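Inspection log for the structure reproduced underneath, given as structure tokens.
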Amino acid sequence: HILKTIILGQMLSLFICGTAVTSQYLAEQYQVNTPMFQSFINYSLLLLVYTTMLAFRTGSDSLWQILKQRWWKYIFLGLADVEANYTIVKAYQYTTLTSVQLLDCFGIPVLMALSWFVLRARYRLIHFIAVAVCLLGVGTMVGADILAGRQDSEGSDVVIGDVLVLLGASLYAISNVSEEYIVKNLSRVEFLGMVGLFGTIISGLQLAIVEHKEIMTIQWNWKIALLFTAFALCMFGLYSFMPVVIKVTSATSVNLGILTADLYSLFFGLFLFHCKFSGLYILSFVIIMVGFILYCSTPTRTAEPTASPQPSSAGLDNAGLKLEENDSETPATTVQFTRGETVVVSTD
């Protein structure tokens, strides 16, 4: 089951790699920088597929019933998801790749804190050690970037860029925790359908405001169209597949697993963009995978709310491990006594 979790996590990393490589190719080869337009295409695909599926449902799971009961919650979720995508991409204009890679990890402790309070996840010592190991791997990757000379350019305003990264990482954490709650308690189709609906509306409005000039200047040809299509398919695959992975693991586990996405992007960049290679990249990949395996090796506990002080029943956050922890049952005791006899019964 740990192997299955690793494979699922790396499939998500490859989807993220596909979005990063196509975006970089559009920016460097064709000077096309339209992150909001690219996000709008993805949300439109989600709308076309999953919101349409909800529209054909009947009963309490129908689109109308979902909107009537939870529409305002999905507006906030859609806003968090759209702005998370936009702020991270926007940060690259102001700060360096090193800052983005390091500060983006801020989302993991935020995600763990939100999971603690919202999802009632309870972590063990090995989980904190695993996260520390993964972050060490990220630090190794950043060191390899510096040695390979990928930090030649400085951003125009590092402070603004760093704030945008921290904001984007926090918004990603909010979106991921909401996603875990919805897919484990409601349904995957409901999450994707609602994100597609409100994401399309919000990104469409923002696109009309901030990126309409950039879209008008695109010199369209079949190569640019193919890159946009590849990006859209990778992003659609990422959004469609991530709820499946989160349902059998957890949002924190997924975010640790996709830390390797930057490394996959680099490996493609060796051939497409002639990036310099360093052996530290292999070391960082190994360190991140070790931390990821450590995290997945032990299930997190889920505290169940109780009305009175009682031993809490332990649930599982990393459900992909399929481990069950059965509390020992209280033994039944039968006591027979005669009238007038004093009986003392103690339980251990």
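For all residues, glycine too, the Cβ spot is worked out from N, Cα and C.
According to TrEMBL, the transmembrane segment annotation covers 7-27 (among others).
Marked as transmembrane segment by TrEMBL: 39-59 (among others). Outside the transmembrane segment (39-59) by six or more residues, the chain places 65-66, 82, 85-86, 189-190, 192-197, 199-200, 203-204, 207, 228, 231-232, 235-236, 239-240 with a CB less than 8 A from a CB of the stretch.
What TrEMBL records for 100-119 (among others) is transmembrane segment.
Residues or ranges marked as transmembrane segment in TrEMBL: 126-147 (among others).
Taken from TrEMBL, the feature transmembrane segment applies to 159-177 (among others).
Look at TrEMBL and you will find 189-210 (among others) tagged as transmembrane segment.
Sequence annotations record features per position, and here TrEMBL assigns transmembrane segment to 222-242 (among others).
Under the heading transmembrane segment, TrEMBL lists 254-273 (among others).
Annotation comment: TrEMBL describes 279-296 (among others) as transmembrane segment.
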So are the transmembrane segment (126-147) and the transmembrane segment (159-177) touching or not, going by 3+ C-beta pairs under 8 A with a sequence gap of 6 or more? no
Residues of the parent chain within Cβ reach of the transmembrane segment (7-27), under 8 Å, 6 or more residues beyond its termini: 33-35, 38, 89, 224, 227-228, 230-231, 233-235, 237-238, 241-242, 244-245, 248-249, 253-254, 256-262, 264-265, 268-269, 272-273, 292, 320
Do the transmembrane segment (100-119) and the transmembrane segment (279-296) come close, with at least three CB pairs under 8 A (pairs 6 or more apart in sequence)? no
If you count every Cβ pair below 8 Å, which range out of 159-177, 189-210, 279-296 shares the most with the transmembrane segment (254-273)? 279-296
